[in-house]
Amino acid sequence: MGFLKLIEIENFKSYKGRQIIGPFQRFTAIIGPNGSGKSNLMDAISFVLGEKTSNLRVKTLRDLIHGAPVGKPAANRAFVSMVYSEEGAEDRTFARVIVGGSSEYKINNKVVQLHEYSEELEKLGILIKARNFLVFQGAVESIAMKNPKERTALFEEISRSGELAQEYDKRKKEMVKAEEDTQFNYHRKKNIAAERKEAKQEKEEADRYQRLKDEVVRAQVQLQLFKLYHNEVEIEKLNKELASKNKEIEKDKKRMDKVEDELKEKKKELGKMMREQQQIEKEIKEKDSELNQKRPQYIKAKENTSHKIKKLEAAKKSLQNAQKHYKKRKGDMDELEKEMLSVEKARQEFEERMEEESQSQGRDLTLEENQVKKYHRLKEEASKRAATLAQELEKFNRDQKADQDRLDLEERKKVETEAKIKQKLREIEENQKRIEKLEEYITTSKQSLEEQKKLEGELTEEVEMAKRRIDEINKELNQVMEQLGDARIDRQESSRQQRKAEIMESIKRLYPGSVYGRLIDLCQPTQKKYQIAVTKVLGKNMDAIIVDSEKTGRDCIQYIKEQRGEPETFLPLDYLEVKPTDEKLRELKGAKLVIDVIRYEPPHIKKALQYACGNALVCDNVEDARRIAFGGHQRHKTVALDGTLFQKSGVISGGASDLKAKARRWDEKAVDKLKEKKERLTEELKEQMKAKRKEAELRQVQSQAHGLQMRLKYSQSDLEQTKTRHLALNLQEKSKLESELANFGPRINDIKRIIQSREREMKDLKEKMNQVEDEVFEEFCREIGVRNIREFEEEKVKRQNEIAKKRLEFENQKTRLGIQLDFEKNQLKEDQDKVHMWEQTVKKDENEIEKLKKEEQRHMKIIDETMAQLQDLKNQHLAKKSEVNDKNHEMEEIRKKLGGANKEMTHLQKEVTAIETKLEQKRSDRHNLLQACKMQDIKLPLSKGTMDDISQEEGSSQGEESVSGSQRTSSIYAREALIEIDYGDLCEDLKDAQAEEEIKQEMNTLQQKLNEQQSVLQRIAAPNMKAMEKLESVRDKFQETSDEFEAARKRAKKAKQAFEQIKKERFDRFNACFESVATNIDEIYKALSRNSSAQAFLGPENPEEPYLDGINYNCVAPGKRFRPMDNLSGGEKTVAALALLFAIHSYKPAPFFVLDEIDAALDNTNIGKVANYIKEQSTCNFQAIVISLKEEFYTKAESLIGVYPEQGDCVISKVLTFDLTKYPDANPNPNEQ
């Protein structure tokens, strides 16, 4: 889809110099203060697209140059160019330049003519004349205020049908004038033809006078010969026909006997089939009951399987978690055992090393005995000297040991607390996993419960509805049976009525939708008291068949003739001419229009009912009917409730007893409907009983739902207990332990500080004691070769202390690891027990599922087998039902054949009697003709016999029944039969006449001709001798007039063809636009209103030629009732007008749409809706360029073009562009408005 990319303006209106505006996005808003030149930008777009100067708010093209309106033009030329971009094609430039006082058009910088320019724009969908690309300021309000005629003018402009209006009017005038000329010449020709005829008659009178004299005698002979000839032909024909009919009667008797035997055989076969059908129905009922019992068992088995599968999945998940924990704990224990072995190995290596070192170092500092004694003496002396210091140091040592014990205790407690915290964390993790499992199970259970509840609700509703409906059906059936009992439904239809009903059904099938039915079947008096009156008024039209068109009626008549049906009356709706109902008659007191007391369906048969009823009135009694019929200044057709009819002509008719019999047909029609209703209710009762049998399935579902609800309740209780008790308690204990652990650090640090401080004091005391020892052992140390006595003592003591300390570290590590190993072993055993337990559970569940699946499959197999058997029975039932129907049809056909044969037999017997009567009549006619010829002395040409053989006695009439009279007549007829007449003088054409109507017509013609000849002969006077000259003159004049008439007729035909052509073109243009707009406007109005309940309608006042009259436009605002356009609020009118604007734009849409302040009359809500609609449409249907002053509107755009003024001799417009796509909309969803 193409779009407007850039606009380049130079010295156009308020835009001084050259300015490039753009790029334009799919939805661009032009904003700026009043008077800044926004509308001038729209004028620039209109200008470059070829808009007329008058629509650009200036008088001349020069006034469009910047500064020209104030007398200071910025230049002698100005131009506007547009860059149009299309995907997959090069950009095209369209430019319009003002040079002097005219425009110059360019495409891609090449100068072209205006028509070429327009054609290129039209290829893009831009129609200059229709202005389908822009909406000027105030146009929305203008459209909202338009009346229907003005709306038509708008459509004329958009569709360009208005371009043809002048030519349309011109050709219409030419057509009317040509038709008037033709009519004038026709009347002139007619008058001259009458003159010619008169002159011709005068001439012929003279010729005819003599000719008639000769022809009168010949005509008399011809007439009598004609009568006698055809009398003899008819007698011969009747004799042959009589013999043929007697043969047909014999054949018919034999055929009837054969058909009756066949009918008896078919009845036996039908009885057998119906018994078989009833047996199948019984088996179907039993299988259906069996299926209803088996289905809940299958549902229960399936539910058990599903529940057990869910439990298995949960158990498998728990097994995986337990195995995971077991594997992790096993790994931790393996690590601890490895660490224990490593510590033990390190301890052994240390002991071995110490043993080796003690052996190598033990011999270095060995003292002699005297040196040992001296060492002990000096040691005792040093102790005495430092006794005070030793006591003080001993006290420090005791305190230090006590604090060291405290420190060890705190550190041990810290380690234990850390172990307890780890244990609590594991317990918390276990609690959380249990909660997750419970929540998952509860969610699954809730879903299952919802499904069960939903199924329970559906089944409950279905069963309850079935129960209610069964009660209703039983009540209705009781009522129907009572009504049928009252109506004595055992009435038997005559074969004639059956035949008519069959033909009616046949033509309905042949012409579905075109044949509606008989009038009596399509209407019903509103009350029973009106039945006789309505029957009287409808009369013979009661049985008339209503069809949609004359063609359908003729086709039906042809079909009925082919089927040899009785004559029928047809009322074609397109052919009937009906006078409108006189509304004043509804105001008469004591009377109602007959059409008002009749219900009818479907509605479009009203025309036929109006035709049958007219403006007839129905009154309660005869006096009121007579008063209203004849009492006023104007007569009316009225009927009383007893059937007395008063016609306008003054004729009064009654016939109450016959009318009552006819009126009973309304009740018979009701009985037929009651029978149909009874059959329909019986079938529905069977279906509802099937639905009621689902109660067992409902109870099963309710039981399953209750069990699921109880399990859900226990799970929720367990979840709540786990959350509130176990998890909360563990979290509380963990928090308490963490708090205790946090307190260990400060206490340990305090003890360590005390120990360190005491160590410093002890160090000072030791140094003092060392000084005393150094003084006492000074000489001894030199003797044994050490710096001081402590070096000697520490070699042994220090080593022993280090070894003891190292051994203690090893013991502590082993103790710690042993405790952890014992704990991990206990936990590992618990995890192993859990794994074993879950493995057993999974195995057990899998075995149970296998059993349940087999049980489910067993039930399913039983159901499938039962359903297959049921379907087989149903198929057998359908087949048997089809056979019964076929057999019934065969019997019906045989009955029809029997009825037809019977009817044909009766018909043949009637025909034989009629032929014998006709034969007797023809013989009597021949006797009378011969007798008349003899009496009138008309000489007949005879080939055998003479005129004397004709008897003078009159033939006996049909009323004579005596034997002697009949014998005498037969004797006369036999004697006259011997007379043979020579028909050689009779014209062959007269002999060839076959049909009775044709013979009668020829006879009348001959008689009339004879009468005329005799009459003319008596009246004719001396002929006019100048008649020939007058005839020649009139003939020349007639030829001249005929030529003029023919020329005028051809001119009229040509003018009408020209008019019809322009009329069709104008209608096609207008209708194409109107249909497109009318189709799209409702959808657009809904989209603008953001409400699917909104409705918009367009309708022409004149559908044949819509451009000659107005177009109605109505809208139903969301949440409101239908109101005329004038009663809508201002905002609603504006939205409606916008809907019409966008719908018009959808007809041959331009790629972009320029709109000037269409939101002026909208409130914030409607502004949002319109803006969102434009935003939606701009993404796919068209580019929107909108001038707006309202923030609620232009914030929805993809880009803004800001226009601001600079003051000078006149306003100078400047332009800024702003891309809004970089700033996402705070409300991106337009549907939220």
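Note: Cβ is positioned from N, Cα and C throughout, glycine not excepted.
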Pick from LYS272, LYS287, LYS446, LYS1037: which does Swiss-Prot describe as N6-acetyllysine? LYS1037
Which range is it, out of 83-103, 104-124, 1175-1195, that shows up in Swiss-Prot as coiled coil? 104-124
Cβ-centroid neighbours of ATP site GLY32, PRO33, ASN34, GLY35, SER36, GLY37, LYS38, SER39, 8 Å, sequence order: VAL1203, PRO1205, SER1213
Tally Cβ pairs under 8 Å between the coiled coil (667-935) and each listed stretch (104-124, 163-503, 988-1068), then give the stretch with the top tally. 163-503
Roughly how many angstrom lie between the C-alpha atoms of GLY35 (ATP binding site) and LYS1037 (N6-acetyllysine)? 80
Secondary structure tally of the region 'Disordered' (284-308) (DSSP, helix then strand then coil): 25 helix, 0 strand, 0 coil
Under 8 Å Cβ-Cβ from the coiled coil (104-124), and at least six residues away from its ends along the same chain, one finds 2, 49-50, 81, 84, 92-98, 1150-1151
Checking the recorded positions SER36, SER39, SER970 for other Cβ atoms within 10 Å of each Cβ, the smallest tally belongs to SER970
Cβ neighbour count (10 Å, all chains) around ASN34 (ATP binding site) is 8
Using C-alpha atoms only, work out the spacing between GLY32 (ATP binding site) and LYS1037 (N6-acetyllysine) and round it to an integer in Å. 84
Between LYS713, LYS1037, which of the modified residues has the fewest other CB atoms within 10 angstroms in the structure shown? LYS713
Residues in the domain 'SMC hinge' (515-629) grouped by DSSP into helix, strand and remaining coil: 61 helix, 22 strand, 32 coil
What's the CA-CA gap between LYS38 (ATP binding site) and LYS713 (N6-acetyllysine) in angstrom, rounded? 71
Compute the C-alpha separation of GLY37 (ATP binding site) from LYS713 (N6-acetyllysine), stating it in Å without decimals. 74
